[in-house]
Amino acid sequence: MINRRSLLRNSLASGAGLSLLAGMNASTANAADAEPIPIGAALPMSGTAAADGIEFKNGLDLAIEEINAVGGILGRPLELHIEDTAEMGADVVSQAMQRLIDRYGTPVIVNGYNYGTNMVEMDVAADSDVIFIHYNTLISHNNKFKEDPDRYYGSFQGDPPEYYYGPGLLSYLNGLIDSGQWEPANRKIALVASSVEYSIVIANAVREFADQYGWEISLYETVQFPTNQWGPTLAKIRQDEPAVIAVTHFLPQDLAAFMTQFIPQPTNSLVYMQYGPSLPAFKEIGGESVKGVVYSTVVGCLPDDFSEGFRTAYREKFGPTAAYLTGSQTYDGLWKWALSAAIAGGAGEPYDGDQARAVSASMNRLIYRGVNGICRFDPEGQSAYTFPAQTPDASLGMPHQFLQHQDLTQDPVLVAPPAYAKGSFILPPWMS
Amino acid sequence: MSETKGTSLELEGIHAGYDGPDVLHGITLTVPQGQIVTVVGPNGHGKSTLLRTISGLTARRAGRIRLGGQDLTGLRPERIAALGLAHVPQGDLLFPEMTVYENLQMGAYLSRDPQQFAALLEDVYALLPRLKERHGQIASSLSGGERRMVGIGRGLMAGARVLMIDEPSLGLAPLVIEQIYEVIGTLREQGRTILLVEENPARVAHLSDVMHLLDDGRLTWSGAPAELLEREELLETYLGG
Amino acid sequence: MDILIAIITTGLTNGALYALATIGLSLVWGSMGMLNMAHGALLALGGYAVFSVATTLGLPVWLAVLAAAGAGALAGVILYICVVRSLIRTAGKNFETSVMIATVGISISLQNALLQVYGGQPLKQPFGVSGAFRIGDSVVPWLNVVIILVSVVVMLGLALLISRTRMGRAIRATAQNREAALLMGVAVERTYLQVLALSGAVAGICGVLVSSVTQLSPTLGADPMLKAFIMCVVAGLGNLPGAVAAAFGLAMIEAGVQFGMGARWGFPVLLMLVIAILIWRPNGLFGRAQIRRM
Amino acid sequence: MSDTTQTLPKAGKTLSGGRIDLLIAALLLAMAIAAPFVIESRYMMGQLILGLFWASVAVQWNLLFGYAGVFSLGQMAVFAVGGYATAMLAYYLDLNIFLAIAAGAVIATVFSALVGLACLRLQGVYVALLTYAIAQVIYLLIVTDTNCFEMVGTTCRQFTGGATGFARFGDFGMRAILKGDWIKGNYAIVLGCFVLSMLVSWIILHGPMGLAFKALRDNQAYAVARGINRFHTQLLVFGLSAFFTGMTGGLYATHFQAIGPGIFSISSLLFILAIAVVGGVGTFWGPVVGTIVLMVADELMREVGSFRSIGLGLIIAFAVVALPRGLVGRFSDIFHKHKS
């Protein structure tokens with residue numbers, strides 16, 4: 001049950017959203033006996049990615065609790081249905097989504113990520129006329145959307161594709177140099193990717209743009225997924241010391257292991273990592289050795305006042321170690337959809353193309369400020385705009401956040417983009 | 001071996017077989033204390049099955065087996081061994097990666113008394129001096145005759161009341177066969193209780209107290225060894241001369 | 001020099017981990033012709049047992065490691081009683097495949113049970129040593145030394161147990177000739193139980209060591225088990241010293257290739273080597289020719 | 001002790017056995033044909049198609065292991081080769097999808113025959129490891145492939161598809177013809193191919209070649225003494241089983257319009273093995289029954305939410321322990337007991 005106090009606090013979090021929805025609901029009566037709207041989610045609840053699957057579900061649970069507390073969507077409460085996608089193959093995920101649609105009649109499916117699907121989810125959504133929001137963070141979404149925008153009208157990627165990590169990182173590095181915060185010994189980057197699409201696309205994007213930004217890729221290593229013995233890779237890095245080590249592998253425990261094996265014999269390099277450092281486990285496992293690590297994320301709960309209510313509520317509800325950074329994604333996704341559906345006059349149901357198109361149109365129109373920042377869809381690819389790589393206007397794109405582990409007793413410090421930054425970059429201890 | 005004279009092993013109407021139909025059709029025989037009873041018969045007529053059934057390796061379908069008066073029904077092989085039955089199986093079934101000494105040690109697996117072990121080992125080494133010479137050698141590297149000796153020695157190490165030996169001459173050179181039967185002769189002099197299985201009656205007649213002819217799973221003739229050797233027509237029919 | 005030491009450190013550490021995972025697997029395989037696909041899950045169980053005892057209950061770490069061995073052994077016993085015993089009696093010549101599939105089922109269940117109990121977020125393993133020492137310019141973490149030492153001690157202990165005790169003799173006898181062991185009075189079923197318990201205990205300790213590097217997640221055993229499976233078969237059926245040699249040898253080669261050719265080639269080259277070995281020697285490097293039927 | 005050799009001595013009953021097979025086949029086929037007319041749910045149709053895929057792969061694996069005694073763990077690799085070949089031919093060469101599937105099946109056959117060649121001297125678990133190692137090497141080389149082969153839009157595509165795989169290389173064309181009912185068209189194609197593969201397998205198993213397989217499985221020395229050429233027979237069984245496995249892989253890729261390295265995963269392989277073992281290794285209908293049972297079990301387990309995987313694992317373990325010869329073996333035991 002949600003009480004009045006926490007409702008108030010949460011209304012701080014979802015701010016405009018909550019009151020907007022409440023306002024729209026005010027005109028509709030008898031919310032109590034209205035038939036619930038089924039909400040679908042196909043998440044990896046078991047297997048290698050289960051940890052994240054659970055957080056994605058938490059985010060949805062919290063959003064639904066809040067939305068229902070103000071009367072649901074036009075008087076109809078939301079009801080969550082989960083399908084487990086375990087090892088997340090194309091077959092499993094598309095069948096899971098189809099099951100949600102056929103079994104529960106879900107007009108919307110909000111997924112976290114499922115990797116290895118080749119974005120077949122979009123075909124399921126298109127064939128059944130449902131709205132599909134996901135956080136796969138893949139440029140393949142945009143590419144597929146572009147091939148047939150009319151068919152894939154209902155598919156949205158709630159965050160910017162991983163591709164923008166490439167230019168984002170490079171322009172951040174140049175910014176550090178230009179502002180005099182860092183003087184690199186050379187212009188070499190050592191790229192360490194793991195054998196997963198996400199990791200490889202990011203590494204490839206960095207490689208592709210390196211020239212343009214004045215950098216040289218001195219080493220490109222693809223390690224297995226997962227990996228925990230970094231000895232040979234580190235030895236290679238030490239052979240030709242780069243100014244930047246960019247690890248696009250993302251499992252927190254493996255990245256922590258990288259740091260514990262790197263620190264005893266460090267090189268004079270900035271260490272940049274992907275995703276994993278945002279999870280509590282990274283710091284807990286790596287301890288002192290992760291101090292100074294820079295990482296970035298194109299989506300994640302911003303450490304600002306606006307999201308404080310969300311963060312508190314999340315930790316209260318799911319425990320102190322719960323990773324709200326992950327849960328925030330589906331949380332925002334569902335909120336944005338709920339508002340759009342309310343504006344469009346209802347959630348609709350599967351195989352009702354007209355209503356789904358109406359909801360889709362209102363999702364494209366609505367610029368939503370969630371706990372992850374701005375969500376505004378790029379009409380070219382129907383993924384969230386990223387700021388600053390795609391748009392120079394902070395109010396029109398989701399911030400590509402650069403964070404650094406500075407004081408281990410505190411949360412990591414947001415060091416870029418400047419509009420959101422809470423502190424500034426410090427030279428990691430092994431470099432000074 | 002100090003035990004009152006009497007019957008050590010009794011079989012009554014034994015039926016047994018593997019996956020298919022019965023191999024043994026109602027075997028009844030007794031092995032009296034201190035005697036050597038021999039079962040002869042052509043290959044593939046159930047001699048080994050008989051011994052395997054007694055030691056519990058092959059399931060019995062009907063009948064009763066008693067060892068020293070105790071019923072063996074429903075007991076697993078390791079329990080039967082513990083009651084005092086040692087089986088020297090066909091083809092030796094040594095522990096190939098163990099030394100000769102370790103194989104003998106395994107023979108006395110059930111005895112936890114080091115003194116008894118030492119005494120038994122001394123007896124076995126006295127009977128089979130070759131084993132003492134080869135005690136540290138890996139079993140799989142021994143010659144056929146030596147392996148047979150290890151098999152018999154291992155059986156003796158159990159200190160069992162009844163010893164069953166399956167075709168001790170199988171696959172050995174004539175000279176070696178002679179040595180092996182010499183050993184069994186010594187065992188006979190020591191007054192051991194033995195159930196012996198052999199294809200060729202002539203080889204074992206002088207060692208046996210009683211002989212049985214096993215044909216197609218049935219005992220077709222029983223009596224004193226000398227009698228069997230006189231019955232040439234029997235030998236001709238069943239054993240092909 | 002620096003590079004050589006890095007490769008040797010990685011090779012020896014991985015070798016120690018692989019070897020420990022391999023002997024647990026190989027012991028069971030050699031004595032009962034059973035490929036225990038739940039071995040990886042037992043590793044994970046050991047890792048989490050240490051976490052529960054040391055982190056949650058706050059007891060000393062050495063006690064927790066013992067608890068991990070105990071948990072592994074107990075799981076082995078349960079596995080025997082619930083699954084293996086009846087398969088030995090009923091599966092006949094399909095035992096090899098049946099037991100593989102059944103243990104796969106157990107492994108899926110056990111992994112997901114751990115997921116339900118501990119959650120999916122990686123947890124920090126309390127067993128660990130920080131710090132490092134220097135050899136010339138290069139640095140070797142103490143943790144790697146501890147892993148190698150513990151693993152060697154456990155393997156020596158197991159070797160002594162197998163070669164010097166009555167139980168060990170019974171295990172070897174059963175492995176080499178099940179029927180003969182029965183005739184000697186060895187209670188073969190009890191021996192199987194002991195083998196699985198022993199292997200479970202080794203797996204528990206191995207899980208502690210593995211997770212001191214990988215940290216705790218329900219799937220932590222999958223990779224070491226896969227490697228152990230390979231070492232085990234390359235070494236040949238149930239050959240424990242061979243398995244240890246194969247583990248260290250292949251781990252060294254893997255580390256060398258990872259450095260020389262790039263990380264992506266480490267495991268593939270190792271596998272290609274395995275393929276070549278099997279084509280050249282169909283029973284593994286030091287293998288027995290035949291799997292003795294149940 | 002009871003084992004699968006029972007099928008051999010009962011040669012005198014092949015006629016009645018054949019009649020029973022025909023009856024079962026007719027019954028199953030009638031249900032399969034009726035399904036799209038009764039079932040409205042696209043999910044259910046999807047599950048049926050998935051079931052046909054798994055059943056087909058399990059049937060072919062059973063041909064290898066259950067009948068020829070080759071314990072291969074490379075089955076999903078053969079499946080993947082078929083799927084990848086189909087996707088790559090259609091993607092790079094714009095080959096008609098049906099031609100691509102046929103070509104994929106042939107490529108899978110060649111691949112599998114090569115694997116069979118490597119396995120020739122091996123037995124039991126050693127075959128398992130070798131086939132598994134081969135599958136794993138291919139998988140690892142594909143997923144760690146990062147070299148750009150061509151640029152697609154803004155991203156680079158590896159020749160092998162890399163960690164991403166291939167998507168949108170063509171489909172059966174049913175969306176254009178049947179619109180919303182396209183899945184029923186896909187079902188018809190997949191069912192047709194499945195029936196074809198079952199038919200061919202049945203004919204082979206009941207012909208002289210089937211006897212040779214079984215003879216090699218049950219007693220290799222004896223079979224070789226009787227003049228059965230192990231080399232030819234084993235290669236043949238590898239190739240044969242691979243043709244239909246590869247074809248299924250191609251159908252799979254086309255139906256889902258995607259193929260990626262995930263298909264090599266050990267969990268899908270083990271699911272196939274579980275299907276065959278639960279249904280009954282070495283029985284003709286075993287894999288089909290196993291597929292039905294495991295997919296229904298999986299479906300029911302979805303109701304218990306997060307305990308699904310725990311339950312599914314226990315069901316598999318329990319089925320193996322309680323039904324040592326699989327469900328079909330158990331049924332036929334009961335059936336034969338009643339007859340005699």
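Residue positions begin at 1 at the first shown residue.
Including glycine, each Cβ sits where the backbone N, Cα and C put it.
Predicted automatically and left uncurated, TrEMBL annotations should be read as such.
Database features, via TrEMBL:
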type	residues	note
TRANSMEM	D:20-39	transmembrane segment
TRANSMEM	D:45-63	transmembrane segment
TRANSMEM	D:70-91	transmembrane segment
TRANSMEM	D:97-117	transmembrane segment
TRANSMEM	D:124-142	transmembrane segment
TRANSMEM	D:187-205	transmembrane segment
TRANSMEM	D:235-254	transmembrane segment
TRANSMEM	D:266-297	transmembrane segment
TRANSMEM	D:309-328	transmembrane segment
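Segment contact is absent for the transmembrane segment (D:187-205) and the transmembrane segment (D:70-91), given fewer than three CB pairs below 8 angstroms at sequence separation of 6 or more.
Nonlocal intrachain contacts for the transmembrane segment (D:20-39), taken as residues 6+ away from its ends with a CB within less than 8 angstroms of a stretch CB, comprise 45, 48, 184, 187-188, 191, 195, 198, 202, 284-285, 288. Between the transmembrane segment (D:45-63) and the transmembrane segment (D:97-117) there are fewer than 3 Cβ pairs closer than 8 Å, counting only pairs 6 or more residues apart in sequence, which means the two stretches are not in contact. Counting residues 6+ beyond its ends, the transmembrane segment (D:266-297) has Cβ neighbours under 8 Å at 4, 7, 21, 24, 28, 47, 50-51, 54-55, 57-59, 61-62, 65-67, 73, 75-76, 135, 201-202, 205, 312, 315-316, 319-320, 323, 325-330, 332 in the same chain. Through the fold, the transmembrane segment (D:124-142) approaches residues 70-74, 76-77, 80-81, 115, 118, 160-163, 261, 264, 269 of its own chain, all at least 6 residues removed from its boundaries and within a Cβ separation under 8 Å. Spatially, the transmembrane segment (D:97-117) is not adjacent to the transmembrane segment (D:309-328); fewer than three Cβ-Cβ distances between them are under 8 Å for residues at least 6 apart in sequence.
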